[in-house]
Amino acid sequence: MPHQQILMLFGLLPVATNISTWWNFGSMLLACLTLQLLTGFFLAVHYTANINLAFSSIIHITRDVPYGWMMQNLHAIGASMFFICIYIHIARGLYYGSYLNKETWLSGTTLLIMLMATAFFGYVLPWGQMSFWAATVITNLLTAIPYLGSTMTTWLWGGFAINDPTLTRFFALHFILPFGIISLSSLHILLLHEEGSSNPLGTNSDIDKIPFHPYQTYKDMLMLTIMTIMLLTIVSFFPDIFNDPDNFSKANPLVTPQHIKPEWYFLFAYGILRSIPNKLGGALALTMSIMILLTMPFTHTSKLRSMMFRPLMQLTFWTFTATFLVISWTATKPVEPPFTTISQVAALMYFLFFISNPIMGWLENKIMKL
């Protein structure tokens, strides 16, 4: 039977014996994507993409639709879970040198960009006060592009300001992009299995492999169970933990919130954007904060793949992790000293991690006489 052959192939998939829990986040991302698609579909059925009705339709979903509150909370908190998993997944890739599998890394970075775009469009849909102003600030960055900026912004907005056409096209984009994410995820997994996963030691795993089932399937199920428990606990007891209080008010173009900030998972990029006092410079830094990941496979000079045996690079990596958290924290603060100085130093250190990668590799080769 064909399905038995598929199961057999899945069961016989060879996996390195020593891959740790950090390798489980890929399957967790797949679970998050499935959850977002299902809950998103049921929300789209009841949502109305109109500036006069969008906010009311969200209230209608949470109050009147059976289990609508659960769908809405699962979708919103599921997005946060998605980003927690993807940031850990990327950190694992950076630490253990998974980026040397070039095609997988480049498709993964493209997936991250698509995911961030989808999440941004989704944040605008409730048409709350913070949704509206976050959309205004971010789409306005297009005007920084020389010559084409103003035309592109007007084209994106569908008018001379953010209005009904903007919301309609953002809903359309939020609906269509996940299908692109599914396609690219399939390609990402396909490219990964061309070469197979790396392992914590960064060595060739061919000499010591085990079948995927039952070992990795049970390991995946354990992590998925832990994630599900966390998700349901937050949905049941702290549903508004990630929400902005301003977003409980309907969008008002005449009143600017005291402090405009995006969802927590965009804070690091927003912090880098704000740290540069020039509009075009900030927009470029924002773009580069993600695009710089693409440089990693091409700047790896060390003879060792994993950071497990690279103490200098370990120090650099954990400094980078702390920097990521510091930028996210400063992005929640007002634009005034000392926060501006801290965010500028942190943004510089963020980019220094990627710039120092080839230097550190060369230095470690020299020290270890490799």
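We number each residue from 1, going along the chain as drawn.
Cβ coordinates are placed from backbone N, Cα and C, and glycine is handled just like the others.
Close to His174 (heme b b562 binding site) in the fold, though at least 6 residues off in sequence, lie Thr118, Phe121, Gly122, Leu125, each with a CB less than 8 Å from its CB. What Swiss-Prot records for His75, His174 is heme b b562 binding site, and it gives similarity to another entry as the kind of evidence.
As annotated by Swiss-Prot, heme b b566 binding site applies to His89, His188. Neighbour list (His89 (heme b b566 binding site), Cβ cut-off 8 Å, at least 6 residues apart, same chain): Phe25, Gly26, Leu29. In the three-state DSSP scheme, His89 (heme b b566 binding site) is classed as helix.
Within the same chain, residues at least 6 positions away in sequence whose Cβ sits under 8 Å from that of His193 (ubiquinone binding site) are Leu13. Taken from Swiss-Prot, the feature ubiquinone binding site applies to His193, supported by similarity to another entry.
Taken from Swiss-Prot, the feature transmembrane segment covers 25-45 (among others). Residues 61, 68, 71-72, 74-75, 78-79, 81-82, 85-86, 88-89, 92, 175, 178, 181-182, 185, 189, 220, 223-224, 227 of the same chain lie 6+ residues outside the transmembrane segment (25-45) yet bring a C-beta within less than 8 angstroms of a C-beta in it.
For 69-90 (among others), the entry in Swiss-Prot reads transmembrane segment, with the evidence type similarity to another entry.
Residues or ranges marked as transmembrane segment in Swiss-Prot: 105-125 (among others).
The transmembrane segment annotation in Swiss-Prot covers 170-190 (among others).
Residues or ranges marked as transmembrane segment in Swiss-Prot (evidence: similarity to another entry): 218-238 (among others).
Taken from Swiss-Prot, the feature transmembrane segment applies to 280-300 (among others), supported by similarity to another entry. Residues 90, 94, 97, 99-100, 102, 105-106, 109, 112-113, 116, 141, 144-146, 268-270, 272-274, 347, 350-351, 354, 357-358, 361 of the same chain lie 6+ residues outside the transmembrane segment (280-300) yet bring a C-beta within less than 8 angstroms of a C-beta in it.
Feature annotation from Swiss-Prot assigns transmembrane segment to 312-332 (among others); the stated evidence is similarity to another entry.
Sequence annotations record features per position, and here Swiss-Prot assigns transmembrane segment to 339-358 (among others) based on similarity to another entry. Residues 268, 271-272, 274-276, 285, 288-289, 292-293, 295-296, 299-301, 313, 316-317, 319-320, 323-324, 326-327, 330-331, 333 of the same chain, all 6+ positions outside the transmembrane segment (339-358), place their C-beta atoms under 8 angstroms from a C-beta of that stretch.
Across the fold, the C-alpha of His188 (heme b b566 binding site) and the C-alpha of His75 (heme b b562 binding site) stand 24 Å from each other. Close to His75 (heme b b562 binding site) in the fold, though at least 6 residues off in sequence, lie Gln36, Thr39, Gly40, Leu43, each with a CB less than 8 Å from its CB. Of all Cβ atoms in the protein chains displayed, 20 besides its own lie within 10 Å of the Cβ of His188 (heme b b566 binding site).
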